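**Student:** Before I ask anything, let me first share the structure, which is written out below as structure tokens.
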Amino acid sequence: MSTSSITAGKPFHENDGQLVLAHVLFAFAALLLGGIAGLLQAMVRGGTITLPHGIGYYQLLTAHGVLMALIFTTYFIIGFLYGGVAKTTGRLLPTTLALGWTGFLLMSMGTAVGTVFILLNKATVLYTFYAPMKASPYFYVALALVVVGSWLSGYGIFYQYNYWRKTHPGERSPLFSFMSVVTMLLWQVATLGVAAEVLIQLIPWSFGWVDTINVLLSRTLFWYFGHPLVYFWLLPAYICWYVVIPKVIGGRIYSDALARLSFLLLFVFSIPVGFHHQLMEPGISQFWKFLQVALTLMVVVPSLMTAFSLFATFELAGRAKGVRGVFGWLKVLPWNDVRFFAPFMGMLIFIPAGAGGVINASYQLDEVVHNTLWITGHFHLTVATSVALTFFGIAYWLIPAVTNRRLTPRLNKLGLWQTWIWVIGMFFMSGSMHTVGLLGAPRRTAYTTYGDNAQASGWIPYEVVMAIGGMILFVGVLLMIYNIYALLQAPAGYEEFPIGEELDGAEPTPKLFERWGVWLGISVVLIFVAYTIPVVEMIQTGVGSPGYKTW
Ligand code: HAS
Ligand code: HEM
Ligand code: CU
């Protein structure tokens, strides 16, 4: 924001900036629509409103899940990654831009068609679209468009990265670009599962070309994708934590090698673990569930490495400023800078959020919490807080950076307010979801008193608190939308795209880290080990089901 920083970097080229901005604005439009659905849901469950005639609870829940978890996240991620790749490898090449825009158009067509079918109440199948609930075939076609579009966006990033490597032989690639490639590679491998489910199973079945569907197989293909999906959301937040935050706090990246290794481990271990979403399902033998739970616990390791690395970055930055004592470094962190504060609250909340994940992954504990509001509480901390707040924090500098404006002190302050509102709203909403989940309240259920059942009546007060949390969060959504609007009107100038530098004297990064064939190979082997036998069994013994319209 100072005048010296105006000359510190080059402004974004207009063409690159437009691609980033289009994705980011689309993401926030989805957040607004998804937020309206979220508010209504929370109020219905709290018994405070009934929906006007014609709108179903599950219809809203589908809109909320799809717009928040699939659309808001994917668009923001692609925009952010293209921004960082442009910043670290140079202007986007014409082919990169063409792939980026084609991806954007396909995804947007898919999103528009999908949303219309949800609004028409022809696709009330929730964001996991489990068979044998059967939506209009055009909903599945829309999903396929979104996936294919996102593949093209990924190819754009690979293309730009390859070009950079060819023109910089022997050099280590910029950390941001490396991490973007890992994120998009994870996405390519993960989406193969959902693409197979949609193209081979759901589309032929919903058009009526085949009568039945193998339900267990379809759920397995979904979760083959669905778990790495959550890491696809998380990795860009980690990029911010590893690469952006050190610069914002005036420190250094603790270790480039450690950061790359943690991303590679996340890539390798996050796919062969989908069964931890199916622990309570019949038809998968205990050995395969056990194996995938063991791999799930492996994927916790790179997150713990990330936590270690962040603490090291914070402490070393503090020491460099001369502070002493075990916790002295906390005092010199830039608490009043929203570029730091919003992602930091995301990190802090990721500690209980991740602990909740480890609980879910433990078979005996999952028996208690599966399909309860505890799970909903878990992912409103992980994706809707750790990830979402980090994305909000990024937007405050990314939007001005790509539009050649600056983040003003007033907007910075509004951003701090927005962060507090989100944290407080989520404390109430997710806190009561966790608690009432332990008391047995199911997720994905509209308001009901179960015929004034005694146990169920005990859930109502928590659901009221959930609704209050939801209202606070909705204020947070509105303020965020206002902030985005105001960022677009901010005064012209230069805003930095913060990219941290590595600590001097760190260990060199092994060349092996950029031998993609090796990592892809390990990943494929693990996937085959974890999935081949159970999937063959499912195909051989699976029973077909006709489709149902349950709404
Ligand atoms: Fe999860 C269900 C297990 C992480 C999202 N998860 C879900 C669903 C979603 C989701 C959306 O095993 C529901 C899907 C549905 O609709 O059914 N999850 C885990 C595990 C982890 C985990 C083991 N989940 C995530 C992340 C998500 C996410 C990340 C989104 C972004 N999850 C499960 C399981 C289920 C599940 C089961 C199925 C349950 C069921 O029954 O249905 C781990 O990856 C978590 C590891 C994280 C940590 C924390 C590390 C801490 C860090 C922060 C450091 C902080 C600093 C600041 C430095 C171990 C990195 C500190 C500063 C100070 C001053 C203190
Ligand atoms: C589900 C509220 C923001 C992702 C829900 C539920 C409520 C809710 C009440 C339904 C619980 C149930 O019946 O099972 C809200 C409110 C928000 C908000 C009030 C803020 C205004 C977010 C964000 C994300 C998100 C930012 C992700 C980025 C989800 C998902 C589901 C869900 C994936 C599950 C849908 C399903 O079970 O099919 N939310 N939420 N939410 N929310 Fe949110
Ligand atoms: Cu998972």
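Glycine is no exception: its Cβ is also placed from the backbone N, Cα and C atoms.
Below, the features straight out of TrEMBL:
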type	residues	note
DOMAIN	15-488	domain 'Cytochrome oxidase subunit I profile'
TRANSMEM	20-44	transmembrane segment
TRANSMEM	64-85	transmembrane segment
TRANSMEM	97-118	transmembrane segment
TRANSMEM	138-158	transmembrane segment
TRANSMEM	223-245	transmembrane segment
TRANSMEM	257-275	transmembrane segment
TRANSMEM	295-317	transmembrane segment
TRANSMEM	338-359	transmembrane segment
TRANSMEM	379-399	transmembrane segment
TRANSMEM	420-439	transmembrane segment
TRANSMEM	459-482	transmembrane segment
TRANSMEM	516-536	transmembrane segment
**Student:** Given the transmembrane segment (97-118), which of the listed stretches 20-44, 379-399, 516-536 has the most Cβ pairs that are under 8 Å apart from it?
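**Tutor:** Top-ranked stretch among 20-44, 379-399, 516-536: 20-44.
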**Student:** Tell me whether the transmembrane segment (295-317) sits in contact with the transmembrane segment (223-245), defined here as at least 3 Cβ pairs under 8 Å among residues 6 or more apart in sequence.
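**Tutor:** The answer is yes, given that the two segments have at least 3 Cβ pairs within the 8 Å cut-off.
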**Student:** Under 8 Å between C-beta atoms and at least six residues away from its ends: which parts of the chain pack against the transmembrane segment (516-536)?
**Tutor:** 181, 185, 189, 217, 220, 224, 264, 267-269, 271-273, 275, 284-285, 288, 291-292, 295
